[in-house]
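The next block holds one structure in the form of structure tokens; read it before the comments.
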Amino acid sequence: MSKQETRFNEEQQKNQTEDVPKKEETYAVHKTISGSDKSKLRKNQINFGKNQMARRLEPSLNWRTTVDFKDRKAPVKDSQEEKHGGKPEKTRTSISPGRAQLHRKSVDKVEEIISESSSESEEDEELPDHRQEANTDLPSEYWQIQKLVKYLKGGNQTATVIVLCSMRDFNLAQETCQLAIRDVGGLEVLINLLDTDEVKCKIGSLKILKEISHNPQIQRNIVDLGGLPIMVNILDSPYKSLKCLAAETIANVAKFKRARQVVRQYGGITKLVSLLDCAQNSIEPAQSSLYETRDVEVARCGALALWSCSKSYSNKEAIRKAGGIPLLARLLKTSHEDMLIPVVGTLQECASEENYRAAIKAERIIENLVKNLNSENEQLQEHCAMAIYQCAEDEETRDLVRLHGGLKPLATLLNNTDNKELLAAVTGAIWKCSISKENVIKFREYKAIETLVGLLTDQPEEVLVNVVGALGECCQDHENRVIVRKCGGIQPLVNLLVGINQALLVNVTKAVGACAVEPESMVIIDRLDGVRLLWSLLKNPHPDVKASAAWALCPCIQNAKDAGEMVRSFVGGLELVVNLLKSDNKEVLSSVCAAITNIAKDQENLAVITDHGVVPLLSKLANTNNDKLRRHLAEAISRCCMWGRNRVAFGEHKAVAPLVRYLKSSDTNVHRATAQALYQLSEDPDNCITMHENAAVKLLLDMVGSPDQELQEAAAGCISNIRRLALATEKAKYN
């Protein structure tokens, strides 16, 4: 037996006994190659070395689509058996290496390949199945690897193992080497080796597949060739090194929807979750032994694979049902950063689902997420902040972040402006945590408001969306509005109103609207033409942007010095607002009704919107069960009654009877607005009759005793008008 084979057998013996593997020895394939081939290989290497001195070879080459792996007729395993049983298969490149070299200098063109995309996300785009151009300028490694694959196909077990080791001597992270393996049929061979009983061959094959599966084309080829089900089966292997390699390769391949679906369909999620179940003392480095370290590595690789798979909703549910949350929660207690990153990454992906957020609270995961915010690893900090961002939709979670001291490290991390991914995650967490007023007070203590204002310029949109969202929540308090104004935050906020990013526009309109509550800030907004920009956003095609802009206009109109004239100065502005009452979106309708309530405070504007048909459009909305819309609709009707014969018109358009039903709502705000509207409508005798017929008096009598003074007065006034009409009718009857 050769010295190389002896060394390799010793290494594999260590792997099978689960010892910690040493750095692998590499083996040359020259001993299994004939003398003439060996001399040619050395000559190519020497020539390539000389060429490298002359110019740098780029990894991006010219490609051509020639093979579709989905349309293969013969099963992979059968084709591999035929290759080992008969003559070695010819390489699939359409021209020999020698002939290709003759044409290298004459070809400079690059073909454009356009691919179709799937519906899930950008990462799921179907990439073209690239093939090397026959006459392209290729480095010598390409041909060397193809020659090795030929020996891999036709060699015995020993030769196969040595060839696998020799292939790993190449830079498999380079696209040229990756596609060289694929182009000559090496993927089929490597995948078939996984289905053998030889542990050495499986390990060697998986190590190569793990390296080359970072390539999106290779990922799809592995799925097309049926590689994932075989890797899922390897997860049951008694050899931990095989489990690790299989899980890591699955993590690389499961980057697109179809791959994640295959993993789930073949029971891979349950098996990957079981890999997380390492012994409790294995995650403590002080007590770790050789075997415990390998247990930690198995769990880490399982978490990596689950992280990739968790981008699918069905897989998230499968992880939860397989008991993954308690295991992930336990692994969060480790101090191994390379373990924590995939664990937190998986939790971050899954926390977008409400079921997970409830389970995360139950498992006390927030405490450990907050603790790891103080880590020095920026990637870990980023994923912890993103997980908090996902979970902080829930009020209880926001309180837990504050109670465990998570707000201060978040405010501190705002100063790390170089790492944009980390900054986006941190600002997102601050945004969601700012929904709670108690947290806003803490952020003000930590000077986070000033820092956020400083981030309003020269930042990517994903950061700006979160920064503006956080300021929108913080500016609900007077003290913070003053801070934003004094720090010069109004102008950059108004400048952002001209963007096209939907999420950013929704947040910036809310922030500008919150600032407009303060008269001093409103002066600045008006001077910067901010109100006109808000009004123009009512034409935006996105309903959320329309609604947010309409809400922001309300405080602007309330606090402007000459609001009536300002509103009339926008050509076609009032007609635009009235036409928005034809929308089907409840939030848009509610916000527009609120805007109309403020617009109608000016008599001239009220006359204009009446001419534009505001009364029939408001009346048409009366039959709604949405309490938010009911409230603002009733307020708008109440205000519009103060012009001409609008009271009579509302009665003619059947708006009175539905309003009476609003009094049965459980929302006090709806009661107050409705009572005020009925009071205005009761000035018309016909409306009083309609109210009496719909039993409004009994409902209004109950509200006369309300602690809300405005509700008391409106209810009493309405009853008074109805009673006076009844007395007048009775008097006329007997006279």
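Cβ atoms here come from the backbone N, Cα and C positions, even for glycine.
Given the structure is predicted, the values throughout are model-derived calculations rather than measurements.
Database features, via TrEMBL:
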{"type": "COILED", "residues": "359-386", "note": "coiled coil"}
{"type": "COMPBIAS", "residues": "1-28", "note": "compositional bias 'Basic and acidic residues'"}
{"type": "COMPBIAS", "residues": "67-92", "note": "compositional bias 'Basic and acidic residues'"}
{"type": "DOMAIN", "residues": "311-497", "note": "domain 'U-box'"}
{"type": "REPEAT", "residues": "226-268", "note": "repeat 'ARM'"}
{"type": "REPEAT", "residues": "572-614", "note": "repeat 'ARM'"}
{"type": "REPEAT", "residues": "654-687", "note": "repeat 'ARM'"}
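Per DSSP, the repeat 'ARM' (654-687) is made up of 24 helix, 0 strand, 10 coil.
Mean model confidence for the coiled coil (359-386) is a pLDDT of 90.
Counting residues of the repeat 'ARM' (572-614) by DSSP class, helix then strand then coil, yields 34 helix, 0 strand, 9 coil. According to DSSP, the repeat 'ARM' (226-268) comprises 32 helix, 0 strand, 11 coil.
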